[in-house]
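Engineer: Submitted below is the structure of interest, expressed as structure tokens.
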Amino acid sequence: MEKKMNTDLFYLTLKQKRYKRKKNIPLRIRLDKNDLSANTASIKFTDKPYLVANKIIKSLEFNATSLYRCIKKNKLRSENFSVQLSRRLLRTKKTLVLPSHVNITLISNSYDVIHSWFIPALGIKIDCVPGRATHHTFYCDSVGFYYGQCAEICGRYHHHMPIKLCILPFEHFLIWWQHFGLPKLLFTESKNRFETDYGLKKFCW
């Protein structure tokens, strides 16, 4: 029993740059007429097995379902590509760990210039002013990672300052606390000792 397939003629042109020449993607189309499945046409590309930018496809005769699936996969890949590039802007050397379902009072201070500790998901924006301590109390009921950044034009060589916050359940936080311990909050005048003792490095991983 043979299953007939309706073939249509498609002309598809992708956006390309001017300094790139248009070239055809060589492909071979093999029709499996004895196959009763939905995919009766299998396409074999000699180039990369997905639609590539700066290329042109024209005069293709095959099932419309396979063309739609190919375009759909390429669309999802292009949408996720910007997300993958933006992940590097969220990377931090240290991650601040805090417990959930607890009222947390955050006291901030700055050593050199004015900063702004800003996490949009938690609704927190604290200005860190040198010589002045600012505080803010917040409550977090959702466990997970929260990302933020410094929302202040600090000055020269002060840019791209991301923040990564990890909220753990209270029971897990107690285990983590017992393993790593709390930081030593020492008010010192030395910048090196200030960064090592007061910089909450032991409170992060």
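Any Cβ shown, glycine's included, is placed from N, Cα and C.
Because the structure is a prediction, the values reported are computed rather than measured.
Heads up, here are the entries from Swiss-Prot:
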- His115, Cys150, Cys154, Met161: Cu cation A1 binding site (BINDING)
- Cys150, Glu152, Cys154, His158: Cu cation A2 binding site (BINDING)
- Glu152: Mg(2+) binding site (BINDING)
Engineer: Out of His115, His158, give me whichever of these binding-site residues has the highest number of other Cβ atoms within 10 Å.
Structural biologist: His115
Engineer: Which chain neighbours of the Cu cation A2 site, leaving out Cys150, Glu152, Cys154, His158, have a Cβ atom within 8 Å of the mean position of the site's Cβ atoms?
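Structural biologist: For the Cu cation A2 site, the extra neighbours are Val113, Ile114, His115, Ser116, Ala151, Ile153, Gly155, His159, Met161.
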Engineer: Below 8 Å Cβ to Cβ and six or more residues apart, same chain only. Which residues does that give for Glu152 (Cu cation A2 binding site)?
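Structural biologist: For Glu152 (Cu cation A2 binding site), the qualifying residues are Ile114, His115, Ser116, Asp127.
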Engineer: Determine, to the nearest whole angstrom, how far the Cα atom of His158 (Cu cation A2 binding site) is from the Cα atom of Cys150 (Cu cation A1 binding site).
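Structural biologist: Distance between the two Cα atoms comes out at 9 Å.
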Engineer: Output, ordered by sequence, the same-chain residues six or more apart from Cys150 (Cu cation A1 binding site) with a CB under 8 Å from its CB, or 'none'.
Structural biologist: His115, Ser116, Trp117, Phe118, His158, Met161, Ile163
Engineer: Can you name every residue in this chain, apart from His115, Cys150, Cys154, Met161, with its Cβ inside 8 Å of the center of the Cβ atoms of the recorded Cu cation A1 site?
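Structural biologist: The surrounding set, listed in chain order, is Val113, Ser116, Cys128, Gln149, Ala151, Glu152, His158.
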Engineer: Who sits close to Cys154 (Cu cation A1 binding site): which same-chain residues at least 6 apart have their Cβ under 8 Å from its Cβ?
Structural biologist: Val113, Ile114, His115, Met161
